[in-house]
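Listed in TrEMBL for this protein:
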BINDING   Lys290, Asp295, Asp313, Glu374  Mn(2+) 2 binding site
BINDING   Asp295, Asp372, Glu374  Mn(2+) 1 binding site
ACT_SITE  Lys302  active site
DOMAIN    370-377  domain 'Cytosol aminopeptidase'
ACT_SITE  Arg376  active site
Amino acid sequence: MAAPVLPAQVSPPQFAVSDLLPGAITGVDVVAVPVLPADDGGDGTVLLGPGAAELSDDLAVDLVAVAELHGLTGKVGDVATLPVPDGTTTNPGLRLVVLVGVGAARPIDLRRAGAALARATRDREAVATSIPALAVDDQDVVDESEAIEAFVAGVMLGGFVFHWRSQGPPHQPVRRVVIAAPGLVADRAALERSVALGGAGWRSRLLASVPSNLKNPAWLASQAEEIASAAGLDVKIWDESQLAREGFGGILAVGAASATPPRLIQLTYTPRGIAARAARKLPVVVLVGKGITFDSGGLSIKPAASMGSMKRDMTGGGVVLATMAALADVDCPVRVVGLVPAAENAISGSALRPGDVIRHWGGRTTEVGNTDAEGRLVLADALAYAAAEHDPAVIVDVATLTGAVKVALGQQVGGLFATDDALAAALDAAGTRAGEPLWRFPLHAAYEDKLASKVADASNDPGGPGSITAALFLKPFVGDVPWAHLDIASVGDVEKEWHEWTVGPSGFGARLLLTWLGTPEPLAGVSD
Ligand code: BES
Ligand code: MN
Ligand code: ZN
């Protein structure tokens with residue numbers, strides 16, 4: 001049968017900045033006005049953001065009164081709309097005013113206000129807003145670029161749509177967003193960076209949303225090739241015979257049952273604008289992403305209820321691809337290699353069996369106690385290869401690895417393990433800034449005993465605590481390279497719409513990795 005064809009998908013909005021107040025911008029059919037709780041709090045009145053007074057005059061309507069009539073208190077994400085059938089003299093095309101609660105106007109609030117704006121402006125042409133001009137952080141200090149980043153991420157992700165409908169998508173995100181904030185937000189570079197970050201979130205989410213009847217290892221590799229040519233990256237793909245020749249026993253074992261054979265994908269980024277010889281001396285960060293294109297569990301088959309979302313078991317791989325695609329846009333100053341071991345954990349007569357022993361790249365062996373603990377088997381090959389062949393300063397892997405991390409953290413926080421405190425701190429800070437928060441777990445050495453196998457170097461089924469023993473399984477493969485492991489099984493799926501998180505695969509991790517790799521010194525303080 002012919003391969004399925006992915007229908008055309010919607011695009012995220014275009015963004016621009018303007019020095020005008022929102023009501024003075026023409027060519028937009030919507031103006032969105034930020035609503036804050038009044039300082040004194042008590043009497044229920046609200047304050048409106050920049051441009052609201054001028055817009056009230058143009059409309060001959062008191063927008064504060066409108067906000068109060070709708071019961072708005074400035075709570076973040078609360079929205080009210082005012083139709084404007086005839087426009088204003090300054091902007092005859094204006095049709096709708098949206099009042100958006102921005103709470104305390106911290107970055108997290110602006111991200112949520114952005115998502116609320118995205119929902120309120122679905123299928124509209126263009127919106128002008130001064131929402132990001134309100135930025136304050138916990139210390140009441142304004143960081144313009146962080147404010148724009150948060151707002152743009154909220155608008156982009158809050159409007160994310162994936163569809164495979166014969167009649168087209170149910171909704172389109174608003175086509176254009178103009179950030180209108182005279183004096184404060186004039187930083188176009190910050191906007192470009194924000195769009196790159198939001199776009200990476202969008203891309204990783206899109207990849208995770210694609211169903212597995214299309215998304216097999218070869219398809220994921222073809223996506224990597226497209227990204228490489230668009231972003232100017234080097235690309236190398238290992239097919240199943242090359243994997244066999246070079247000894248990638250974990251990837252081959254997990255992919256052995258599938259009609260669509262495994263691949264190993266490698267993308268390489270080198271910062272631009274420096275001489276080739278100098279570039280070769282830059283430190284290397286290796287990112288490894290779990291690329292299981294479907295996880296049935298294998299012969300240790302999953303119950304139907306847990307298998308339903310397993311098309312997104314390549315989220316870590318998608319995160320790595322989306323990160324690689326945007327490194328140049330955030331001026332990443334180090335070399336970065338992205339590795340995605342891609343395989344389908346399927347069931348057939350050639351499937352990996354419980355009790356089998358496999359030999360990973362580099363020679364370590366694993367006894368397979370449970371074929372559903374497949375992620376660590378493919379990661380092991382890639383980590384060993386990365387440590388031995390790329391002389392990395394740091395390795396970071398991203399994987400939907402264990403159900404146990406969801407039990408521990410719920411669905412809003414990802415798990416972090418690290419052998420280096422500076423690396424852990426940098427990733428934690430990046431996660432907070434990006435709105436993809438992490439919580440650090442211990443690589444508690446005494447649990448290593450649980451990994452013992454009677455016949456091989458380790459068992460892949462060590463028992464609980466599941467997230468920690470999975471991380472300890474991976475650890476020997478990186479040797480002494482500073483290493484962090486992100487277990488994102490907790491945050492991979494959004495079950496209930498929540499601010500910027502629309503229902504479906506989340507693509508969690510790309511904005512955090514780019515936030516980290518886009519800092520001037522991502523490796524500062526990391527031991528060498
Ligand atoms: N892909 C799953 C982990 C997962 C679970 C991701 C739930 C997202 C939501 C992984 O391959 C897996 O099956 N892990 C097992 C390991 C066990 C058999 C040792 C698990 O966590 O149950
Ligand atoms: Mn599994
Ligand atoms: Zn899995």
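Even glycines carry a Cβ here, placed using N, Cα and C.
Bear in mind that TrEMBL entries carry predicted annotations, made automatically and left uncurated.
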Quick test of your reading of the structure: among the recorded positions Lys290, Asp295, Asp372, Glu374, Arg376, whose CB sits under 6 A from ligand 2?
Asp295, Asp372, Glu374
Tally of helix, strand and coil residues over the domain 'Cytosol aminopeptidase' (370-377) according to DSSP?
3 helix, 0 strand, 5 coil
Note the Cβ centroid of Asp295, Asp372, Glu374, the recorded Mn(2+) 1 site, then list each other residue of that chain whose Cβ lies within 8 Å of it, in sequence.
Val254, Ile292, Ser296, Gly297, Gly298, Ser300, Lys302, Met310, Asp313, Asn345, Thr371, Ala373, Gly375
Rounded to the nearest angstrom, how far is the Cα of Arg376 (active site) from the Cα of Asp313 (Mn(2+) 2 binding site)?
12
Give me the Cα-Cα distance between Asp295 (Mn(2+) 2 binding site) and Asp372 (Mn(2+) 1 binding site), rounded to a whole Å.
8
Excluding near sequence neighbours, so keeping only residues 6 or more apart in the same chain, what lies with its CB under 8 A of Lys302 (active site)?
Asp295, Ser296, Met310, Asp372
Which recorded positions among Lys290, Asp295, Lys302, Asp313, Asp372, Arg376 have CB under 6 Å of ligand 3?
Asp295, Asp313
Give the sequence-ordered list of residues that share a chain with Glu374 (Mn(2+) 2 binding site), lie 6 or more positions from it, and have CB atoms under 8 Å from its CB.
Val254, Ile292, Asp295, Gly298, Ala343, Asn345, Leu352
Name the residue among the recorded positions Lys290, Arg376 whose Cβ has the smallest number of other Cβ atoms within 10 Å.
Arg376
Rounded Cα distance, in Å, between Arg376 (active site) and Lys290 (Mn(2+) 2 binding site) is 8
What's the most sparsely packed of the binding-site residues Asp295, Asp313, Asp372, counting other C-beta atoms within 10 A?
Asp372
